[in-house]
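Undergrad: For reference, the structure I am asking about is given below.
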């Protein structure tokens, strides 16, 4: 291993996390942390790793953007025919990870996904920049394409098709809601003795809260 890589390390000293601080509702506590990250001007504060599993059990992950919290679920939008979309169709279990280094914090959310209603997807779709709406139509996401000109040609085709018209929400595009069953809040501490507070749903659908070792 390159010694320069192995020597990279940082001591975390900004804050602490007591179990009492997390309250009784992990979604509300997430919103509190998220707002603090926004106020701290974290770059791409809503960026999160979305981990999925392929049909043959291989892990897969990518960065997507959180686009809302609705009825205790975390929302993101994508092409349903993309690689992630096909994986979610066969296995709805996912994990989300937020990392906010400016605050020395991480949040892990385990749960399962369901598609949101077409009405919810349509409302968000039409809130996007027009170019992004056309891009969703033009891009056969995760499919092989011959070159970039192919993509640019499709973009121009749909730009012309929808000139002076509202862009239709594609049938293959929409939102997912992640319903959590476990949420972990991680606060960096000195000596690698980090604070880790976990909320886990029990059989009664209420939350159990406990501390785990770093």
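Every residue, even glycine, has its Cβ placed from backbone N, Cα and C.
The substrate binding site feature in Swiss-Prot is assigned to 9, 10, 11, 12, 67, 124, 128, 132, 192, 193, 194; the stated evidence is sequence analysis. Swiss-Prot lists 62-67, 77-78, 83-84, 106, 141-142, 186, 196 with the feature FMN binding site, giving sequence analysis as the kind of evidence.
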Undergrad: Of the binding-site residues listed here (9, 11, 128, 192, 194), which is spatially closest to residue 106 (FMN binding site) when Cα positions are compared?
TA: 194
Undergrad: Please name which of the binding-site residues listed here, 9, 128, 194, is nearest in space to residue 66 (FMN binding site), Cα against Cα.
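TA: Smallest Cα separation from residue 66 (FMN binding site) among 9, 128, 194: 128.
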Undergrad: List the binding-site residues among 77, 83, 142, 196 whose C-alpha is within 10 Å of the C-alpha of residue 67 (substrate binding site), in sequence order, or say none.
TA: 77
Undergrad: Compile a sequence-ordered list of residues in the same chain as residue 83 (FMN binding site), six or more apart from it, whose Cβ lies below 8 A from its Cβ; state 'none' when nothing qualifies.
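TA: Residue 83 (FMN binding site) has long-range Cβ partners 60, 141, 142.
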Undergrad: Find the one among the binding-site residues 9, 11, 128 whose C-alpha lies closest to that of residue 196 (FMN binding site).
TA: 11
Undergrad: Max CA to CA distance in Å over the substrate-binding set 9, 10, 11, 12, 67, 124, 128, 132, 192, 193, 194?
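TA: Max Cα-Cα spread across the substrate binders: 43 Å.
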Undergrad: Within 10 Å of the Cβ of residue 192 (substrate binding site), how many other Cβ atoms are there?
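TA: Total other Cβ atoms inside 10 Å, all chains included: 10.
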